[in-house]
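*Asks:* Attaching a single structure in structure tokens format; questions to follow.
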Amino acid sequence: MAPEVLPKPQMRGLLARRLRFHMVTGFVLSLGVAALYKVGVADKRKKAYADFYRNYDAMKDFEEMRKAGIFQSVK
């Protein structure tokens, strides 16, 4: 009865293969997170700023602060 021969393990290119896999995975994940941030945070914030400044009246705000006595130089 002959002993069973085990196949030799691959010893070359292990680091390169792992680095390639992890670099691709990291790149794909970073693009996904960036896209989710843009859709979930940046676009909503941009819309909120646009809505605020569409209806913002600086003179009305200034007059309210002047009447409240916030400014010392404006009476």
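Keep in mind that glycine also has a Cβ here, set from the backbone N, Cα and C atoms.
Sharing the record's features from Swiss-Prot:
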- 1-13: topological domain 'Mitochondrial matrix' (TOPO_DOM)
- 55-75: topological domain 'Mitochondrial intermembrane' (TOPO_DOM)
- 14-54: transmembrane segment (TRANSMEM)
*Asks:* In the same chain, which residue numbers or ranges, 6 or more beyond the ends of the topological domain 'Mitochondrial matrix' (1-13), come under 8 angstroms Cβ to Cβ?
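*Replies:* Same-chain residues near the topological domain 'Mitochondrial matrix' (1-13) but 6 or more away: none.
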*Asks:* Which residues of the same chain, at least 6 past either end of the topological domain 'Mitochondrial intermembrane' (55-75), have a Cβ under 8 Å from a Cβ in it?
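*Replies:* The answer is none.
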*Asks:* Count up the helix, strand and coil residues in the topological domain 'Mitochondrial matrix' (1-13) according to DSSP, in that order.
*Replies:* 0 helix, 0 strand, 13 coil
*Asks:* Restricting to the topological domain 'Mitochondrial matrix' (1-13), what is the model's mean pLDDT?
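*Replies:* Summarising the topological domain 'Mitochondrial matrix' (1-13) by its mean pLDDT gives 84.
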*Asks:* What is the three-state DSSP composition of the topological domain 'Mitochondrial intermembrane' (55-75), stated as helix, strand and coil residue counts?
*Replies:* 12 helix, 0 strand, 9 coil
